Each structure stands twice: as C-alpha cells, then as structure tokens.
Amino acid sequence: MVIVYLAIACGFGALVRYFFSRYNQASKLPLGTLIANLLGCFLIGVFYNHVESKEVYAILATGFCGGLTTFSTLNDELQRLLSDKKVFYSYLILTYLGGLVAIFLGILL
C-alpha cells in the first residue's frame, strides 16, 4: 500500500511543481523551478528530522518531494542559459548552494 501512497504523493508534488513553473516565465532566471527545488530540499530536511515512520518518510520525501523537485528540468534550463554566463552561474549557485542550505534549515527546525 505504501507504493500506492507514494505514487499519489509524487503526483501531488508534480502538480505543485507545475504551478510553480508557471510563475514568472518572463524572467531570465527560471524562478519556478528554483522555488520548487529549494522547497523540496527544505521539506526533505524537515521530514528527515521529524518523521519517525520509514514508510511515511518514503511517501513524503521520495514521493511528494521527488515529484516536486526536478533534476532534468534544472539541467535543461541550465543548458538554455549557457549564452548568458552571469545568469547561468547565478542559477547554478543558487540552486545547489541554496538546496544544501535549505536541507540544513529544514533539519534544524
């Protein structure tokens, strides 16, 4: 039954990511994907420290956060930003450093 809940949670995470991706499409920086990825990292940190059940953790972290965050879209957006090095490196640093900080902040809560 965990697999069913995990799949449902993943679908919800993907829907949330979709709505974030619609945000600020005119910006050079893909803010929707950045917000989705940073939120997913933060939530994984929160779940890591506050969810005792391995099954519930799998549903929330792997399911919901897995659907919310996106490595493939991130890399697609990065390759599109290669022509503007400043934006490319800003997005790269914000995503990876921000994700690491977000996980630690979630754990500290």
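Cβ coordinates come from backbone N, Cα and C, glycine included.
Quick look at what Swiss-Prot annotates:
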BINDING   GLY66, THR69  Na(+) binding site
TRANSMEM  1-21  transmembrane segment
TRANSMEM  29-49  transmembrane segment
TRANSMEM  55-75  transmembrane segment
TRANSMEM  87-107  transmembrane segment
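DSSP assigns THR69 (Na(+) binding site) to coil, not to a helix or a strand. Under 8 Å from some Cβ of the transmembrane segment (87-107) lie the Cβ atoms of residues 28-30, 34, 37-39, 41-49, 74, 77-78, 81, all in the same chain and six or more residues away from its ends.
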